[in-house]
């Protein structure tokens, strides 16, 4: 199984985009969860509107699937301006960024996803644009080349990244508003599932929404994806309504257990428990034992398991925690 095949992967899949767009909240009052972030944004947005200024540049960071793109769109809606969206890997040349910047109107939002992947040459162009609303570009080539400055309208750059530490210090320092998104609690995810079901005109009760939410790994994108699959099951196997019974059976059929684990998660945990007596075990040995690349374990499988307290990283290797043993109804040896 590869990451792109996993139902519970947080990265966006092709089928998510159009459906997620319909489910996205448009304004801050419709946005569920991230209470501290919402409270801060309300103040910053109102202050900028009162002064009739562009909002400060904003960096939104955190794990994938938590709503960074949605939040950028909400900022534009709240400010009553347009938003232009792109991503770091797409901006290969300075001219690519210059074309976007020169088409912005006063107050507009420029959203750059995966901003940590900007090339150095593009990043250099961004510095004066962010600080002074100026664009330094080279005209011509060789000895005849000359630099000209173009004035830009005040704008707001919203950068999104899953790896804030990968940003260069000069770029990170130019964001006046850093916002970290955290994994969602089950209550907030239940609210999101219920709202999405309403958009889909799907009958769901509170227990059904809760069951989907608690298996969604704290991630709205996964919750919405699971909801769509549970809807299929409810319409084919039952009367179309989603109850706790229907959600449990649908998600069990999809091999997503009570903790939101799939086959790959359980395979990793059981390898540590059964093959290495609970650990510690080195990454290379673990990769060989389950037939996966070490990068897949480190970047895809481990983060959620560590965050939830099922695995510990130690200097000697990976260790399965008491909670991991309890999940499989096993007793951890002393």
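Note: Cβ is positioned from N, Cα and C throughout, glycine not excepted.
Keep in mind that this is a model prediction, so the values were computed, not measured.
Feature annotations, courtesy of Swiss-Prot:
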type	residues	note
BINDING	24, 65, 68, 69, 70, 131, 132, 133, 174, 184, 221	ATP binding site
BINDING	69	Mg(2+) binding site
BINDING	294, 313, 318	DNA binding site
REGION	4-184	region 'Large ATPase domain (RuvB-L)'
REGION	185-255	region 'Small ATPAse domain (RuvB-S)'
REGION	258-334	region 'Head domain (RuvB-H)'
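Shown here: features listed in Swiss-Prot, placed on the structure.
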| residue | record | contacts (Cβ under 8 Å, 6+ apart) |
| --- | --- | --- |
| 24 | ATP binding site | 70, 73 |
| 68 | ATP binding site | 60, 61, 62, 113, 160, 181 |
| 69 | Mg(2+) binding site | 85, 111, 113, 160 |
| 132 | ATP binding site | none |
| 174 | ATP binding site | 57, 126, 127, 130, 131 |
| 294 | DNA binding site | 283, 284, 286, 287 |
| 313 | DNA binding site | 302, 306 |
| 318 | DNA binding site | 272, 279, 280, 281, 282, 283, 286, 302, 311, 312 |
Taking DSSP H, G, I as helix and E, B as strand, the region 'Head domain (RuvB-H)' (258-334) contains 41 helix, 9 strand, 27 coil
The DSSP breakdown of the region 'Small ATPAse domain (RuvB-S)' (185-255) into helix, strand and coil residues is 51 helix, 2 strand, 18 coil
Pairwise CA distances across 294, 313, 318 (listed as binding DNA) top out, in Å, at 14
When each of the binding-site residues 70, 221 is scored by other CB atoms within 10 A, the minimum falls on 70
The largest Cα to Cα distance in Å among the residues 24, 65, 68, 69, 70, 131, 132, 133, 174, 184, 221, listed in the record as binding ATP, is 37
